[in-house]
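Accompanying notes for the structure given below.
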């Protein structure tokens, strides 16, 4: 704590209306490792440090310490006034509140006695009794400064705050998987007239939509972090680049659970995401009916079947090819390099080859 002596020396000069101390330094050593020694001129006297220091600031404080030691026998009370300035400097460096002094008076009016307290760094320090208010505040400031010097109140904040925040973060991380699983899944119903937009609804608000069979409408079910749909559900499933899974119902009739009748296209995406696309196969009936009035078909031309079927029914899509499925609209214009895979009155699927 040798750096306090420069402040004490300056406070003494201000109290007694003296000239401020003047510092001069000398330097030695190489440029990459200089050493400094300072002398200070105060009250007509020059005080010099006896050794060299690695920094100029340390050398100035050493010289000020010698000057303060020479003034202590003459006016010890004048040295004590520096403690108020030191508390203020500490508050400014730490960006904390300035010290707040409160003084109480006791005794007769012709000979009062003053006792001061100072609130600093979140604590209250009491000084000794003095004959004047100024000396009482000096005493309280000295007690506060010595307490900080001894390390009793270096920290003004709660030391347990970082650990409490860490515990909160850990609890949030542990509870996040349960929260994700507890969230209800959502459905996005896309209509042909708005191919680029969808309406997001919760299943809890519309239970009929959740319980409705696949024959009423062809839906796009969007869910996060769900296990992959097995290939025996007769659906067209694909993982998009942002991790969302799209299950597109491809038939309006219940489909028998026969995994050998489903054609799956496995394509590694550019980011390593596996795309599983299950399409209609040759076993599906043509123009099945639900109630005898409306018909819905899943028609695949023979040429398209040859393109989809290979060996055991699995075809690998080379890197750079993308399968796009969107609502069908007669006004849709396919890209020049598009290869149509499937189309009915609701949806159309085609393949793109991108360089």
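Each Cβ is built from the backbone N, Cα and C atoms, and glycine gets one as well.
Per Swiss-Prot, the features are as follows:
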type     : residues : note
COMPBIAS : 149-188  : compositional bias 'Polar residues'
DOMAIN   : 4-73     : domain 'DRBM 1'
DOMAIN   : 82-150   : domain 'DRBM 2'
REGION   : 149-193  : region 'Disordered'
*Looking only at the domain 'DRBM 1' (4-73), report the model's average pLDDT.*
86
_Secondary structure tally of the domain 'DRBM 2' (82-150) (DSSP, helix then strand then coil)_ = 29 helix, 20 strand, 20 coil
*What are the DSSP helix/strand/coil residue counts across the domain 'DRBM 1' (4-73)?*
28 helix, 20 strand, 22 coil
